[in-house]
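Here's what Swiss-Prot has on this protein:
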- Ala68, Gly69, Met70, Asp71, Lys72, Thr92, Ser147, Asn180, Lys214, Thr242, Gly267, Gly296, Tyr317, Thr318: FMN binding site (BINDING)
- Lys72, Asn117, Arg118, Met119, Gly120, Phe121, Asn180, Asn185, Asn243, Thr244: substrate binding site (BINDING)
- Ser183: active site, nucleophile (ACT_SITE)
Amino acid sequence: MLFERVVRPTLFRLKGGDAEAAHEFAVRRLAGLARMPAALAVLRARYGVSAPRTVFGLRFPNPVGLAAGMDKDGLALPAWPALGFGFVEVGTVTAHPQPGNPRPRLFRLPDSGAVVNRMGFNNAGAGALAARLAALPRPLGVPLGISLGKSRITPLEEAVEDYQTSYRALREYGDYFAVNVSSPNTPGLRELQDRAHLDALLAALVGEKPILVKIAPDLPEPAIAELLEVCLARGVAGVIATNTTLARDGLAPADQAGGAEAGGLSGRPLADRAREVVAFVHRETDGRLPIVGVGGIVTPDDAGRMFDAGASLVQLYTGFVYRGPALVRAAAAAARTP
């Protein structure tokens, strides 16, 4: 395939293999394409796929979405549906602009089909994203999700107000909102998965738009069950399972050094655990809570198995980095009839 033979090797060589430089280059190029209707039409003709379904009241052209983190500030929004994605999630965005953690903070583990990141919610802030979305022609053509996180400078006891600030700024633009309380790269953030913190946060956010909670794969099942009790009691629209993991199981020998970098691991080694969490959530809620499955989807079969585990929708990030847009179409084709 063109992507795997030409595009990926070229990107992976940029600036001596700097993964974040390649990421930024790719998003800039896609942002340029997003301003070229003829180019978008060509991409849609090649990669577009129709497998519609309705989940939490939203109509999705197909059930394969772009995960948060790929286009944090929404720079290339019109390009992603043209590459076949049935929905797009931007962010994670915070109330305050922040630079994130020092570079280098993004590392590819190619033999394992994985990535380690410790980005730290680098983004231009909720206000800047709102201004960008306000200037875009609408509708986008696919549902737009917005992932919300806590600003690093905000103490945990003020987290609710911090999330509310972002939500209010972006409420009219997002079709759904993902509450990210599970990134391992913001100190103390995962404490917001605890019952009391999560209950207060959801009480402040649930209502007008569908709210989803993104959970960590590292939580034991009793903790996930407790989290789900809060989600059901507060009427969330769904769960995103899962975020990146702190575990390093399943890495190829050649990737051990890269795997030792601090941060969250995504990609193929996460597949089994992410699918286990999806299956547990599905069982624990008797299928009442829609699940967006994400983690380790690098082949169409991975997508099919995620749907079989109970996911209504899936998202790609690391698999897209390694396989390109052909994976989007193939993953959508692997979706089972809901």
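Glycine is no exception: its Cβ is also placed from the backbone N, Cα and C atoms.
What Swiss-Prot annotates, mapped onto the structure for a quick look.
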residue : record                   : Cβ neighbours (10 Å)
Ala68   : FMN binding site         : 27
Met70   : FMN binding site         : 22
Lys72   : FMN binding site         : 21
Arg118  : substrate binding site   : 21
Gly120  : substrate binding site   : 19
Ser147  : FMN binding site         : 26
Ser183  : active site, nucleophile : 25
Lys214  : FMN binding site         : 25
Asn243  : substrate binding site   : 29
Tyr317  : FMN binding site         : 21
When you measure from the Cβ of Asn180 (substrate binding site), which residues in the chain that are at least 6 apart have a Cβ under 8 Å away? Ala68, Gly91, Thr92, Ser147, Leu148, Gly149, Leu189, Lys214, Asn243
Among Ala68, Gly69, Met70, Asp71, Lys72, Thr92, Ser147, Asn180, Lys214, Thr242, Gly267, Gly296, Tyr317, Thr318, which the record lists as binding FMN, the farthest-apart pair of C-alpha atoms sits at a distance in angstrom of 20
Counting across all protein chains, other CB atoms within 10 angstroms of the CB of Gly267 (FMN binding site) number 26
Rounded to the nearest angstrom, how far is the Cα of Ser183 (active site, nucleophile) from the Cα of Met70 (FMN binding site)? 15
Between Gly120 (substrate binding site) and Tyr317 (FMN binding site), how many Å separate their Cα atoms? 17
